[in-house]
Amino acid sequence: MRKLTLTLSALALALSLNSVADAKVYMPEKVSDGVTVAQLAEQHAIHWISVEQIEESLKGQPMAVGFDIDDTVLFSSPGFYRGKLEYSPNDYSYLKNPEFWEKMNNEWDKFSMPKKSGMELVQMHLKRGDTVYFITGRSKTKTETVTKYVQEGLRIPADKMNPVIFAGDEEGQNNKVSWMRDHKLKIYYGDADADIAAARELNIRGIRVLRASNSSYQPLPKAGQFGEEVVINSEY
């Protein structure tokens, strides 16, 4: 009798386990294929280009190329957001405050996140043997750790890392142009309209990198509006 009871108990346990295994989490019926965030970014008919396609187009001798930093290779909004709250919550005057730039250029980039697309672009150019320069519109400060964080975040070998160039931002002029000319750049990557305009002024190849939608730098620019190439999936 005891053996029969144990057998029946084991059978009941097995059946209960099978029913658990067969149970499925409820999912609604699919009514369309859906879309990812990356696919949404590609829906407009602009000149999309991938990192691989850029590399394929660059057959030949190494060259000098340049990158903007904020929203191009680094998602640095946390530092800028903190600066706005601390120095000018109601406007953007903090961007003219030397105290903010001392903080941003020396401490707050530790909260910046390297963009995957930025890393892929930089590594592609380094593999080609290109010389890479970083030209930012940030104001210059006596000391800076931006170079350190860019090098570490984008995994650039020390002997390939050039010090970050602080072009500054003056109303009515594009300070990046002279630096781009002096370093004989052939390509410049940036998220802002001014980056593409600077490249066009020098008749070099300006390639747009998408600014993340949650960037502190608003409003978002209209990528591709000048007919420039736009890097696919470069918002992150």
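Using N, Cα and C of the backbone, Cβ positions are placed for all residues, glycine too.
Lys176 is the residue from Lys96, Lys103, Lys176 that Swiss-Prot records in the substrate site together with Thr136, Gly137. For the Mg(2+) site, Swiss-Prot records Asp68, Asp70, and the single candidate of Asp191, Asp193 listed with them is Asp191. The CA atom of Asp191 (Mg(2+) binding site) is located 12 Å away from the CA atom of Gly137 (substrate binding site).
Within 10 Å of Asp70 (Mg(2+) binding site), counting C-alpha to C-alpha distances, fall the following of the binding-site residues Thr136, Gly137, Lys176: Thr136, Gly137. Counting only residues at least six positions away in the same chain, the Cβ atoms of Asp68, Ile69, Asp70, Val146, Val164, Ile165, Phe166, Ala167 sit under 8 Å from the Cβ of Thr136 (substrate binding site). The maximum pairwise C-alpha distance among Thr136, Gly137, Lys176, the residues recorded as binding substrate, is 8 Å.
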